């Protein structure tokens, strides 16, 4: 009776045989466990060790240790911020990997949900602690950062690389996103105008009711936008005058997944849990960091906090602009701003409603005016469908003006 052989790594290995012709259960179990361990190690290597940004991950545990061993809130805040930054980038990576398996429709919903998961988690923890102004200002800061800093740096870097020509992108995408952003500005403006003109039917209650109603409308509008975008309308968003030539290499590259579907789901759960843990320490350290670093809470919320969630968008938008893929750059920068303004902000109002917190769309006059002017500036920059380094430089300089404004701005509610 011949002993069956299995070829492993180019060598033939004799395997013990039991009477029914199968392998011994102990040997089969050990090979299965070995395969599971190898698959786990490979997944860890791909997700953790392939990104240089993950060198910042040790700052996360360090912030927790500092929280319990010292009262230096400034360091706890900075370390938490640095620790969350690579997690936000890896969350985006895991979402993209899962979207390959789920298809474009479900993938679009996943990107809408997990694309700004970091901002949502930080906002929910701040809402839980009653820090409504921190929620409003951090989400506003994410929109301003994406529209001015991220898009400006992408245009500037792409313009320097392609100095001899104007880069072209789809006007249709810019027009639709600009329209949604203006709708979001309208949703934020009316509660603020209602508050500052003292024309409410019920003082202090009407603006909250209006905000909740407007939030539901904005969520419906964003869901309609997702359906419109994913239901066979993708041909509208190609640049005018360009011929659609299918690139087989690009298609294969897009469809090739580096990790399995269940690995992507597991990493999404693990990363979301770790981000939520660090977000709690980050939010608790904001007020102490404001005192120790001698920075206004408004500046921390609008300028510093968005750096955490936008690190991944910043890097990828610049990379695609340098490769002359501005449509993807717009999808990253302006698309993320649209998600926050039309999905995350209304979602936080609804969540605050469930928590019993009076989260509303009254972002105060200064913040609402800043957003309105920013949307107008970016809409004018995008109207001709071209980009160059001069436009990028103008957007970056506009962001510096906004940052300086919030550095000297005193929040009226905190002063009261």
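Placement of Cβ uses the backbone N, Cα and C atoms for every residue, glycine included.
Residues annotated as domain 'Sodium/calcium exchanger membrane region' in TrEMBL: 75-230 (among others).
As a summary of secondary structure, the domain 'Sodium/calcium exchanger membrane region' (265-406) carries 120 helix, 2 strand, 20 coil according to DSSP. Among the features that TrEMBL reports, domain 'Sodium/calcium exchanger membrane region' is placed at 265-406 (among others).
Look at TrEMBL and you will find 46-68 (among others) tagged as transmembrane segment.
Annotated transmembrane segment per TrEMBL: 75-93 (among others), in sequence order.
Marked as transmembrane segment by TrEMBL: 105-127 (among others).
Summarising the annotation, TrEMBL assigns transmembrane segment to 139-162 (among others). Nonlocal intrachain contacts for the transmembrane segment (139-162), taken as residues 6+ away from its ends with a CB within less than 8 angstroms of a stretch CB, comprise 116, 119, 123, 181, 301-303, 305-307, 309-310, 313-314, 317-318, 320-322, 324, 326, 329-330, 332-334, 336-337, 340-341, 344-345, 348, 363, 367, 370-371, 374-375, 377-378, 387-396, 398-399, 402.
What TrEMBL lists as transmembrane segment is 174-197 (among others). For the transmembrane segment (174-197), same-chain residues at least 6 beyond its ends with a Cβ under 8 Å from one of its own Cβ atoms are 147, 206-207, 210-211, 214-215, 217-218, 221-222, 225, 330, 334-335, 337-338, 341-342, 345-346, 360-365, 368, 371-372, 375, 378-379, 382-383, 385.
Below 8 angstroms of C-beta separation, residues 108-109, 112, 176, 180, 183-184, 187, 190-191, 194, 338-339, 342-343, 345-347, 349-350, 353, 359-362 of the same chain, each at least six residues beyond the ends of the transmembrane segment (209-228), sit close to that stretch. Look at TrEMBL and you will find 209-228 (among others) tagged as transmembrane segment.
Positions annotated as transmembrane segment by TrEMBL: 264-283 (among others).
Under the heading transmembrane segment, TrEMBL lists 295-322 (among others).
The transmembrane segment annotation in TrEMBL covers 328-353 (among others).
Taken from TrEMBL, the feature transmembrane segment covers 365-383 (among others).
If you look up TrEMBL, you'll see 389-410 (among others) marked as transmembrane segment.
Within the chain, the transmembrane segment (46-68) has long-range Cβ neighbours (under 8 A, six or more residues past its boundaries) at 75-76, 79-80, 82-87, 89-90, 93-94, 258-259, 267, 274, 277-278, 281-282, 284-285, 311, 315. When Cβ-Cβ distances below 8 Å are used as the criterion, the transmembrane segment (389-410) is approached by residues 144-145, 147-149, 151-160, 163, 295-296, 298-299, 302-303, 366, 370, 374, 377-378, 381 of the same chain, each at least six residues removed from its ends. Taking Cβ pairs closer than 8 Å, the transmembrane segment (365-383) reaches residues 136-137, 140, 143-144, 147-148, 151, 169, 171, 174, 178, 181-182, 185, 188-189, 192, 196, 302, 330, 334, 391, 394-395, 398, 402, 405, 409 in its own chain, all 6 or more past its ends.
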